[in-house]
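Notes to accompany the following structure.
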């Protein structure tokens, strides 16, 4: 695909844009007009500037397309950058430092501190500073790549037309050859519970609390629930997560990893009520919240009182008022836009990627789809293997996985073998005094091919990318076991687990 990109870019720069086969035949290129009171003409118009949208816009421009990106919010970056992935990682990182300094960890390392105080306002400032810098980075990349940014709510008003309406009611019309919907997702509301982003909050409000709650109840122990719950638990809150399912970590996590993960979080002070459903929440006159819960299968009701209630039951595609109904584009039962393997809707020049289509709601999945989609518009190959898309939970320790879990392999009737290696036997983990967790590798019994990798431990989110590469290239467990890994590193645990899977046992355990 890289070679195609270079050829296409070269041809575009030489003025051969309209002479090559790229799916836009018969339509001449018209120079962009960026005056606010005049229409804009474009080759590609992207609706949404989240990870999928902004990456797609930049890639389209790099391929020679005249590109417009419409964003309804005042800032670029979508949920991920503004109120999701990025600010949450800032708080996870800084709360971890505070937890180490405030607890016994530093003292055990010979670092004695006389007084440790939390300045929550300063911590929030650092988070906001990182977000602001990255938003500015996207704006710079748009300018550098000549992507036209239009502020307003984008609605498809014709097969080749998008209208962006600003908050003041003014609008701008974009005439376009191709339209790419990348509008992302929004928080799924909980029936009967109204979010005010003050004491009853979504993930957005949980990233900007003014003080550490004495007691926090989290509805949902999936990825977002355990991440944000961990932040406030480290900073001093008494945190209880109520989960309808019987495990923590959400959909896709390996059950053995989940059980060990839950044990470690409980050791840190995180409390869980599994197989439990929330039936309602009532605000009291003193400002506290009574959360009513009962067993998922039904049973005796119980009330948990808290200062802040965090609702984390997932996200849903954002497709409202995009003009899809008028175009005859129907949604599937889960509210997603149906697309083919080239991300085309039933109208061939209208595409959709990211959270609005099927697949995991992950920023990096949307980014991949964005790049691949616009390469397809330019006539290139379209390939994505969703089995090779990694998932990460950014707690401490981290959890990461890619490929199949044991449960999935059993369900599919695939014979497999398992290789495991604990971080307690890893030299670098020992020197770091950070040994919780393990690496678990699943290989095909007959071929030794890597089928899945599941990591619980320090640096799991980085290590899983080696596993994703192995899966993408069809590597065997022996292939990885025979790659020399630097010593001492945490990634040696990944090699050792593959040794165990391929040869029956590791070296250092």
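Glycine residues also receive a Cβ, built from the backbone N, Cα and C atoms like all the rest.
Record note: Swiss-Prot gives 220, 221, 222, 223, 224, 225, 226, 227, 243, 278 as NAD(+)-binding, and the candidate from 184, 299, 314 in that site is 314.
When every Cα pair among 220, 221, 222, 223, 224, 225, 226, 227, 243, 278, 314 is compared, the largest distance found for this NAD(+) site is 20 Å. Taking the Cα atom of each, residue 224 (NAD(+) binding site) and residue 74 (FAD binding site) are about 25 angstrom apart.
The two recorded residues, residue 363 (FAD binding site) and residue 159 (N6-succinyllysine), show a Cα separation of 28 Å. The C-beta environment of residue 417 (N6-acetyllysine), restricted to residues of the same chain at least 6 apart in sequence and closer than 8 Å, consists of 442, 443, 444, 445, 501. According to DSSP, residue 166 (N6-succinyllysine) sits in a coil region rather than a helix or strand. The recorded positions recorded for this entry are 143, 166, 183, 355, and the Cα of 355 lies nearest to that of residue 220 (NAD(+) binding site).
Residue 487 (active site, proton acceptor) has a Cβ environment of 9 other Cβ atoms inside 10 Å.
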